[in-house]
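Input: a single structure, listed below in structure tokens.
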Amino acid sequence: MDHLPIFCQLRDRDCLIVGGGDVAERKARLLLEAGARLTVNALTFIPQFTVWANEGMLTLVEGPFDETLLDSCWLAIAATDDDTVNQRVSDAAESRRIFCNVVDAPKAASFIMPSIIDRSPLMVAVSSGGTSPVLARLLREKLESLLPQHLGQVARYAGQLRARVKKQFATMGERRRFWEKFFVNDRLAQSLANADEKAVNATTERLFSEPLDHRGEVVLVGAGPGDAGLLTLKGLQQIQQADIVVYDRLVSDDIMNLVRRDADRVFVGKRAGYHCVPQEEINQILLREAQKGKRVVRLKGGDPFIFGRGGEELETLCHAGIPFSVVPGITAASGCSAYSGIPLTHRDYAQSVRLVTGHLKTGGELDWENLAAEKQTLVFYMGLNQAATIQEKLIAFGMQADMPVALVENGTSVKQRVVHGVLTQLGELAQQVESPALIIVGRVVGLRDKLNWFSNYYD
């Protein structure tokens with residue numbers, strides 16, 4: 001993060017703008033809306049500045065840049081069409097430890113101005129860090145269309161109720177549950193928009209009188225294979241409403257950055273053959289936190305019901321009578337194959353797909369005869385340590401030695417790497433790859449060179 005997003009309280013505080021043209025006028029309008037006590041210093045001014053000055057809204061200082069005007073300032077903006085003057089303003093502000101924005105020169109500035117969606121008191125700011133103002137503007141326009149105009153009225157009314165909510169609901173969890181009901185109540189929002197005081201009061205009293213659900217719950221959420229863009233909308237909603245998130249090592253940092261900031265986080269990372277936290281202990285963590293009345297999200301890489309042991313965790317909750325739900329995720333087989341240019345099915349090469357675990361319980365054995373059959377694609381999860389055995393068994397049960405294979409490491413992420421070859425090389429190829437990785441076996445792998453669209457490394 002190159003810039004810390006903050007909201008400044010500028011009401012009745014001295015601010016300076018250097019420049020008297022159209023750009024300076026736009027910046028002045030923002031500072032005036034924020035209640036700043038504004039001085040504008042320039043050689044000449046467009047008419048709007050004179051109008052504001054005559055109305056007593058700001059002070060004009062005509063002439064060259066006077067750095068003594070900064071002495072009482074909290075914040076400054078350099079908005080002239082002269083780069084040399086703008087740099088002088090920036091240097092003078094820097095020497096006084098005053099934050100200064102330099103229009104169209106983010107590297108010379110100590111702060112940048114975001115694109116703003118104003119639903120006061122709700123404010124949304126969008127910034128590209130000065131690298132792409134057009135992108136920030138396009139995002140602002142999209143958000144403008146998504147956020148109702150009356151949202152500010154809802155936020156303002158919520159502020160009026162805060163003391164009552166704090167008095168009536170003793171815990172943070174209860175208050176959060178109340179506010180979640182409050183902000184999704186369409187009737188209340190519409191009544192506020194219509195200025196229907198009677199309906200607003202009736203809906204408010206109903207919200208306060210309805211009992212809150214104090215029962216805890218567990219939501220099993222599939223985080224997908226790595227790319228945060230592959231997290232489902234419902235999954236995103238759940239991690240942003242969680243009291244506590246229990247997650248494993250296959251959940252990417254980008255996805256964890258989307259988790260509600262105030263949520264507790266419990267890492268229970270596991271590797272094939274080694275459990276940082278035993279599965280039974282994970283089950284008990286989910287049970288214990290839900291019994292405290294918390295909204296628990298169990299966040300798993302891929303899909304929780306495909307080699308994620310999600311069923312085992314839910315059985316424990318079911319036995320204890322804890323409410324639960326499941327949000328599916330994109331499983332690694334689907335995500336990694338797509339990002340590697342390998343279709344899992346193809347009319348000419350594969351009429352079926354088998355998802356296989358390469359990490360068996362002691363003494364376990366796969367149905368190698370059926371796995372070696374023609375016209376199918378095999379995807380092995382957690383198979384790196386068994387790659388040589390997979391190679392040996394498939395060949396022994398009749399699979400052709402030149403069957404294409406691929407190993408996908410860190411699939412769908414910026415660190416994705418794919419190595420490929422033929423079945424007789426599988427054990428050797430596995431030595432070049434680190435976990436997490438997926439093994440794909442089948443004629444469809446041969447299409448990779450043609451269909452590969454996502455590549456960060458040359459294989």
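The backbone N, Cα and C atoms fix where each Cβ goes, glycine too.
Pulled from Swiss-Prot:
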- Asp248: active site, proton acceptor (ACT_SITE)
- Lys270: active site, proton donor (ACT_SITE)
- Asp22, Val23, Leu43, Thr44: NAD(+) binding site (BINDING)
- Pro225, Gly301, Gly302, Asp303, Ile306, Thr331, Ala332, Met382, Gly411: S-adenosyl-L-methionine binding site (BINDING)
- 1-204: region 'Precorrin-2 dehydrogenase /sirohydrochlorin ferrochelatase' (REGION)
- 216-459: region 'Uroporphyrinogen-III C-methyltransferase' (REGION)
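When the binding-site residues Ile306, Ala332 are compared by the number of other C-beta atoms lying within 10 angstroms of their own C-beta, Ile306 comes out lowest.
Around the Cβ of Pro225 (S-adenosyl-L-methionine binding site), a 10 Å sphere holds 30 further Cβ atoms from the protein chains shown. Asp248 (active site, proton acceptor) and Ile306 (S-adenosyl-L-methionine binding site) have their C-alpha atoms 15 Å apart, to the nearest angstrom. When the binding-site residues Val23, Leu43 are compared by the number of other CB atoms within 10 angstroms of each CB, Leu43 has the fewest. Most Cβ neighbours within 10 Å, among the recorded positions Asp22, Asp248: Asp248 holds that distinction in the structure as shown. For the pair Ile306 (S-adenosyl-L-methionine binding site) and Val23 (NAD(+) binding site), the C-alpha distance works out to 56 angstrom. Cβ neighbour density within 10 Å is lowest for Thr44 among the binding-site residues Thr44, Gly302, Gly411. For Gly411 (S-adenosyl-L-methionine binding site), the nearest of the binding-site residues by C-alpha distance turns out to be Val23; the candidates were Asp22, Val23, Leu43, Thr44. Separation of the C-alpha atoms of Val23 (NAD(+) binding site) and Ala332 (S-adenosyl-L-methionine binding site): 50 Å, rounded to the nearest whole number.
Residues Asp22, Val23, Leu43, Thr44 make up the record's NAD(+) site, and a Cβ search at 8 Å around their centroid adds Gly19, Gly20, Gly21, Ala24, Glu25, Ala42, Phe45, Ile46, Ala79, Thr80, Asp81 from the same chain. Among the residues Asp22, Val23, Leu43, Thr44 said to bind NAD(+), no two Cα atoms are farther apart than 15 Å.
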